[in-house]
C-alpha cells in the first residue's frame, strides 16, 4: 500500500503541475495583445503551449485519479476489516482474547491502517477540482468525482424495466411464430441452409442474456464483479440493461428470420435478410453518437 500511495502522490503532483500550466496558458491567451506578445517571448513558446492538456482532458484525468484514490482507500479499509473479522472469529472459536491483543499490537499500528495520507489526497483533489475546474461549484465537482459504492447496483429506470418486459414479450411471441412456421407450415428444404446463418447471431444474443443472469446472480450473492473485472463503477451495465439489449436484438433476430422464411411475401431477396441483421449489429456497436450505451460500447471496442 505504501508503494501505491507513493505512486498516487507522484500522480497528484503531476496533475497539479499540468493544471497550473494549463491555467497559465489560458490566462495568457485571454490577456491583452501587448501583454500576450511579451509573455509569449519570455514565458511559453507555441510548441510548449500545444503540449498542455486542455481543461476537458484534465477533468477526466482528475476523475480517474480520484477513482484510483477511492479504490486504494477501500483496499485499506478492507484489509483492516478482514483482520478484525478473522481475529474475532478466532477468539470466538478458541474462547481466548489473544486475537484481539494481537490486533492491537500489530494491526492497529501498521502503516496500512494508521496512514491518513489517502484521505488527505482525496480532500485535496476535491478542493482542487471544485475551485479550479468547476468555478467553486462543489455540487457539480462532486457529481463528476463521486464514486458509488462498489457493491451497489446501478439503478434501473422504470422505462428500462418496461422495455425489458416489452422486448422479452415480443421475442417469445415471435420465437413461437418462427418455431410454428418451421415445424408446421414451411416445408421448403432450400431455405434451411440459409437459416443456419442465423445461429451465430442467436449465440451472441444468448450470451448477452446469460451474462445478465450471471450479473444478477453475482449481485445477489454479494460478488463484486465490478471490482473483479475492473469495470468503471461510475458507469456500467446492470443485469436489466443486458436483458434489454438481448431482448432488443432477439426481436430483430426473430423478425429477420421470419422475413427470410416469408421472403415471397415481403418482396425482399432471401439472402439480404441476414445481411441486414448483421450489418445493423455492427453499426449498433460502432455507432459514434452518444446514444445506446455509448461508453459501454466503446469500452468494449477498446478491449477488443
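Positions of Cβ are set from backbone N, Cα and C atoms, glycine also.
Segment annotation: TrEMBL labels transmembrane segment over residues 164-185 (candidates 142-163, 164-185). Segment contact holds for the transmembrane segment (164-185) and the transmembrane segment (242-265), given three or more CB pairs below 8 angstroms at sequence separation of 6 or more. Summed and averaged per residue, pLDDT over the domain 'SPX' (1-104) gives 77.
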